[in-house]
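Chemist: If you scroll down you'll find the structure; I have some questions about it.
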């Protein structure tokens, strides 16, 4: 199950708007099973299953359908991908959720080969270590990365001020007065930000701003966490290990026929090609920015 655990960690969060409420969710599906993490910003629920659980649950919920577990997993991936990846193209399935004691049940209803298809994700409260792995540690890493970014930008602004000062000392004057700026004072800027911008900037709401604006950074931080963990475990080259182990359903379900057999006579399902909810992940790459020459604001 290590593949599912690492694959889930490196997935972005998605924002789900259901009839009952809104949720944050991430999922990783392969031919061997799936892992799902869901949160309403109050609690976090988790489910991770293998093919044996998929097969048993499919029999209980869909008595008229018979298929290998991989076919059901591919179908679930096809249903979840529009919901998690592209809100502009809604899923053909209907989703609803219920909270029962410490469990959250995410119910799915759709059609498969002309017959109703049902699925229930049975998510239990996530362990503290799982919450730390997927939320606390990544969010701390993101905060440190953003702080470092702010310091780099402040340094760049100071360098720009020195450059402008050098132009002025050389006798240059500003042609357009509207472009005039005061020297950057970091402490004053931070104090003003705390007073004027902080309330709006840290408005969490239902979690949608976090999902819409920060997932690239989130995935970069979690990818780094996985690579560091692999180095500590002596797993060899993390790039090689990641590309081999985190293919997900893209590599395992391509050209996977559903091979469905119904209790109704002469019913067969068309073959489908599916790609994974979590395809091959592109690691963030940093490129050097070529500094541009001044455009002659001064003459």
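Keep in mind that glycine also has a Cβ here, set from the backbone N, Cα and C atoms.
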Chemist: Swiss-Prot annotation phosphoserine: which of 243, 278, 287 has it?
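Modeler: Comparing 243, 278, 287 with the record, Swiss-Prot tags 287 as phosphoserine.
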Chemist: Of the ranges 128-170, 171-213, which one does Swiss-Prot list as coiled coil?
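Modeler: The range carrying the coiled coil annotation in Swiss-Prot is 128-170.
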Chemist: Looking at Swiss-Prot, which of 66, 94, 266 is flagged as phosphothreonine?
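Modeler: With Swiss-Prot as the source, phosphothreonine is noted for 266.
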Chemist: With the ranges 267-277, 289-299 to choose from, which does Swiss-Prot describe as motif 'XLM'?
Modeler: 289-299
Chemist: Can you dig through Swiss-Prot and tell me which residue of 241, 245 is labelled phosphoserine?
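Modeler: In Swiss-Prot, 245 carries the phosphoserine label; others show none in the record.
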Chemist: CB neighbours of residue 115 (site 'Leu-lock') within 10 A?
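Modeler: Other Cβ atoms found within 10 Å: 15.
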Chemist: For the region 'Globular head' (1-135), DSSP counts of helix, strand and coil?
Modeler: 44 helix, 57 strand, 34 coil
Chemist: Averaging the per-residue pLDDT over the coiled coil (128-170), what integer do you get?
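Modeler: That region's mean pLDDT is 94.
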